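Annotated in Swiss-Prot:
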type     : residues : note
TOPO_DOM : 33-684   : topological domain 'Extracellular'
DISULFID : 54-74    : disulfide bond
DISULFID : 119-201  : disulfide bond
DISULFID : 126-192  : disulfide bond
DISULFID : 131-146  : disulfide bond
REGION   : 131-145  : region 'V1'
DISULFID : 214-243  : disulfide bond
DISULFID : 224-235  : disulfide bond
DISULFID : 292-327  : disulfide bond
REGION   : 292-326  : region 'V3'
REGION   : 362-372  : region 'CD4-binding loop'
DISULFID : 376-442  : disulfide bond
DISULFID : 383-415  : disulfide bond
REGION   : 458-469  : region 'V5'
REGION   : 460-469  : region 'V5'
REGION   : 514-534  : region 'Fusion peptide'
DISULFID : 600-606  : disulfide bond
COILED   : 633-667  : coiled coil
REGION   : 662-683  : region 'MPER'
């Protein structure tokens with residue numbers, strides 16, 4: 001057996017060498033060349049800051065300022081908005097660096113500038129006014145009756161006027177009164193020395209309507225739908241939308257009115273929620289109704305020269321104490337809201353100890369910051385919120401209870417009214433808001449608040465105080481835009497495939513498809529979470545579906561721009577819409593130009609002849625493991641190099657096509673008869689004749705060499721020719737020997753055509769013999785190869801048989817050894833088992849005989 005194994009080992013050494021060589025060669029054979037392929041409309045994006053445009057359902061017949069502004073500045077909303085979920089996609093959001101907030105701030109400033117459009121310069125009121133108190137007015141809205149002189153149409157003539165002013169709108173002068181009236185002092189309007197005061201007109205209803213912000217073509221808006229998302233960080237539940245939800249541009253301080261509620265728990269947003277002195281934006285998960293009223297008043301129109309000025313009527317105001325404005329709310333529900341806010345904050349900071357959470361009034365500042373400031377139908381309210389923020393909660397962990405309850409179910413906020421207001425837009429005074437006739441009522445929903453902590457959070461501190469704050473309107477817009485971000489959809493990407501573009505192509509069969517690559521952004525992104533291979537199969541269908549929606553969007557933009565041009569009101573929003581449209585067109589043209597330079601115009605998948613460099617990352621495994629977004633991040637540093645190589649290859653392709661088109665001139669037979677071509681034809685003929693002569697010489701040399709190697713001497717080129725003897729010549733015998741009529745070989749000249757025929761015939765025969773020999777040689781090689789493969793197969797079969805025999809032999813040996821071991825073990829066990837059994841039997845017999853032995857002993861003793 002040992003001899004057999006050694007023989008087998010010796011025989012298989014060569015086979016092991018062959019197997020090792022095949023194992024090394026096989027991976028090399030499997031590495032196929034990859035080529036760069038351009039894919040259009042892939043789900044790849046990057047953060048961007050384009051110009052957004054707005055959409056709204058404005059009522060064209062309404063005179064309300066928001067409607068007028070929206071009808072002129074915004075396009076109609078989409079009746080069937082698209083929202084595509086992005087599965088398996090995560091992205092980072094940061095509301096504190098979101099440019100959408102900045103743009104909305106600019107837009108709302110534009111809205112207010114138009115809604116409170118100044119039309120009358122009020123510089124004539126910046127004069128000394130003699131004012132007296134009015135009995136019956138409340139402390140919150142103290143009023144004075146003032147007399148002042150104004151210039152009439154005739155400049156050198158003065159006229160005395162009377163008007164009512166709120167004390168908060170007046171500034172006392174040190175001048176003494178020229179009259180002897182009691183309680184009379186000299187006043188002027190506030191801030192007359194710092195700015196020009198203008199009157200807002202006309203004063204009508206001021207009810208904000210929802211405005212949707214939309215991304216232009218080629219861009220998309222990501223929306224985070226996670227209920228626990230607070231505006232900063234990574235979101236894992238993302239959808240793609242064309243426009244945001246409807247946002248009501250309600251301007252207020254301290255409280256957020258008519259906003260969007262939090263879907264889950266109360267949301268608290270801040271740059272650092274632990275730091276004191278920083279704004280904390282609170283979004284509630286339930287609303288609290290607040291109703292604000294201003295009683296009936298009369299107004300009077302005063303003609304000052306060619307201008308009209310409106311003020312409160314003097315006749316119906318004196319003695320009327322019901323002029324106080326106020327806001328009502330449910331104090332019990334408000335206390336619950338503050339309690340939930342405190343508990344939510346403690347939950348976010350992971351509080352575990354006991355602490356007192358206090359809500360206190362504003363610490364001071366401008367009237368717009370220390371009071372709840374908002375606009376109600378054109379009147380500017382300044383409401384004292386000290387009662388709303390007068391709560392203390394005793395908390396243990398994240399559970400709080402009310403320590404002081406000083407209010408009933410109904411809460412009332414006293415409010416001031418001002419005619420000369422400080423504009424929140426640019427932080428200056430100078431807007432005179434004329435009083436509105438009649439009774440004013442505004443019903444709002446409290447959906448949030450803006451707070452500040454007195455001190456930085458410290459778990460060892462037992463007291464935390466929150467105060468309301470306001471003034472930065474961007475915080476209000478952040479509550480609406482915290483879960484949005486704008487991205488630019490990259491029109492194309494590049495990836496390696498095994499398919500290469502033909503090196504030369506006349507492009508006669510290129511498909512003419514007008515694909516707007518710069519406009520593919522919604523449905524394409526819906527496949528963002530899929531792998532590259534899965535996403536590439538659905539691009540064509542989504543592209544066709546989405547292109548129609550983008551075309552409609554562009555048409556709506558164009559209609560809005562045309563309407564503004566007809567109304568001669570191409571304002572900043574009209575310019576913004578025009579920029580959005582031009583941006584889309586410029587993006588489209590730029591993308592189409594790049595695709596044209598690469599030879600990919602009109603193609604969704606464009607194969608190129610650029611070989612994928614092994615130094616570039618990526619192989620065929622990326623199609624099943626990576627998404628397009630992940631792949632784009634990996635090649636971001638080398639994509640420009642790849643595109644340059646594609647452009648160079650396309651330039652070479654164009655040059656090759658030019659040469660190919662030049663050869664296409666052979667298709668016209670008339671070009672053959674051109675006199676300028678004749679010299680070229682003669683040149684070709686000379687080349688052909690020279691080639692034939694050269695081949696003839698080579699054949700002669702080869703034949704001579706062959707004959708010399710076979711032992712023959714070279715003969716002159718002769719042809720047989722039968723020579724007829726002249727008549728009358730007697731025949732002779734014997735002298736020359738042989739037959740007299742035998743033909744003789746003598747040289748004979750030939751013509752050009754017979755010689756050409758002979759040469760061609762000889763060349764063809766020689767080529768035929770050469771190819772025949774080559775075919776026979778190939779046949780022999782194939783037969784040898786087949787024989788070798790057959791022998792190799794036989795050897796492999798023999799090796800398998802030997803392996804099977806060896807395996808069978810060893811199995812049999814193992815079986816025999818196991819059987820022998822079991823037999824030996826059985827014999828050994830049997831030997832010592834028999835002794836044990838015999839011993840046990842003896843012991844048992846002895847025990848069994850004990851009674852008998854006892855009986856026998858007793859019998860003997862009795863005998």
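Note that the numbers count up from 1, one per residue, in the order the chain is shown.
Cβ atoms here come from the backbone N, Cα and C positions, even for glycine.
The Cβ neighbour count for residue 54 (disulfide bond), using a 10 Å radius and every protein chain shown, is 24. In terms of Cα spacing, the disulfide-bonded residues 126, 243, 376, 600, 606 all stay beyond 10 Å of residue 74 (disulfide bond). Taking CA atoms as the reference points, residue 383 (disulfide bond) and residue 131 (disulfide bond) are 25 Å apart.
With respect to their backbone Cα atoms, residue 192 (disulfide bond) and residue 146 (disulfide bond) stand 16 Å from each other. The Cβ of residue 292 (disulfide bond) has 24 neighbouring Cβ atoms from other residues within 10 Å, across all protein chains displayed. Each of the disulfide-bonded residues 126, 146, 243, 327, 600 was scored by the number of other CB atoms within 10 A of its CB, and the lowest score belongs to 126.
Using residue 376 (disulfide bond) as the reference Cα, a 10 A cut-off selects 292 from the disulfide-bonded residues 131, 235, 292, 415, 606.
DSSP assigns residue 292 (disulfide bond) to a strand in the three-state reduction.
The subset of disulfide-bonded residues (131, 146, 224, 327, 606) lying with their Cα within 10 Å of the Cα of residue 54 (disulfide bond) is empty, i.e. none. Comparing C-alpha positions, residue 600 (disulfide bond) sits nearest to 214 among the disulfide-bonded residues 126, 214, 224, 327, 442.
Residue 131 (disulfide bond): 25 other CB atoms within 10 A of its CB, across all protein chains.
The separation of residue 235 (disulfide bond) from residue 214 (disulfide bond), Cα to Cα, is 21 Å.
Residue 415 (disulfide bond) sits 7 Å from residue 327 (disulfide bond), taking the CA atoms of both as reference points. Here the candidates are the disulfide-bonded residues 126, 224, 442, and by Cα distance the one nearest residue 327 (disulfide bond) turns out to be 442.
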